[in-house]
Amino acid sequence: MSVGLPGPHSLPSSEEASNSGNASSMPAVFHPENYSCLQGSATEMLCTEAASPRPSSEDLPLQGSPDSSTSPKQKLSSPEADKGPEEEENKVLARKQKMRTVFSQAQLCALKDRFQKQKYLSLQQMQELSSILNLSYKQVKTWFQNQRMKCKRWQKNQWLKTSNGLIQKGSAPVEYPSIHCSYPQGYLVNASGSLSMWGSQTWTNPTWSSQTWTNPTWNNQTWTNPTWSSQAWTAQSWNGQPWNAAPLHNFGEDFLQPYVQLQQNFSASDLEVNLEATRESHAHFSTPQALELFLNYSVTPPGEI
């Protein structure tokens, strides 16, 4: 089938187009030549569409779709995700609300008594004890386990306390109260108990350095003793004295009676003689040589002179 191309004579002129625009009310009458032109233009359009491919989705202009990087992320809320934390909270509450076994006083006494005798029970023994105390096997088993743990914890704490006490006692410095008390103040005593700095110790005692060897009792002593002055040193008095070896515990009035009788037998002349002898002895003993002789005599026994 051959399609004839329309020639230049078939195109309408501008005047005809204007006339056709003005006469819009009149129906357009197409001639057979015009039909052939329409068919040719339709075939050309089909060919161009087949030659040029359709634009792909990539070539199409993007519409206002939200960017995944800039747009806020939408969290998918599912009923399973919502139930997760609620179920966990319920489990925690169920664990906290677990009822603890409340033992009576009689049950506790029986359990403690049995624990002191035997800390580990067999299956049969636990069943017998649970039946006696109206408890379950699990309750008795749990109580014994907890009691053993408490006992071990208590033993561990006691061991730590005793070990710490021994360490503190071993590290404490040793004190010597007897040494500190026996030595006078001013001496430095080492931990070993020995005196320090013997060479630098000055052996000057203020009490000894300031001591004056003048005793007021000795200076003011009057060597006039009534017993010495009234004593008659005659052989008669010594001969008349009975030399009885009386025990020391009987030293009393019996021993003093002859001495009193001897004083009563003195006469006036004897008294004058004794007074003169006393004055002479006082003058003699007032000298330092006599004082030194008297001191030496008082210190040494009579048999060693």
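Cβ coordinates come from backbone N, Cα and C, glycine included.
Listed in Swiss-Prot for this protein:
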| type | residues | note |
| --- | --- | --- |
| COMPBIAS | 65-77 | compositional bias 'Polar residues' |
| REGION | 1-30 | region 'Disordered' |
| REGION | 46-95 | region 'Disordered' |
| REGION | 96-155 | region 'Sufficient for interaction with SALL4' |
| REGION | 123-152 | region 'Required for DNA-binding' |
| REGION | 198-247 | region 'Sufficient for transactivation activity' |
| REGION | 198-247 | region '10 X repeats starting with a Trp in each unit' |
| REGION | 248-305 | region 'Sufficient for strong transactivation activity' |
| REPEAT | 203-207 | repeat '2' |
| REPEAT | 208-212 | repeat '3' |
| REPEAT | 223-227 | repeat '6' |
| REPEAT | 228-232 | repeat '7' |
| REPEAT | 243-247 | repeat '10' |
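The list of residues near the region 'Required for DNA-binding' (123-152) in space but at least 6 beyond its ends in sequence, with Cβ under 8 angstroms from a Cβ of it, reads 101, 103, 107, 110-112, 114-115. Shown for the region 'Sufficient for interaction with SALL4' (96-155): DSSP residue counts in helix, strand and coil, namely 44 helix, 0 strand, 16 coil. For the repeat '3' (208-212), the model's average pLDDT works out to 47.
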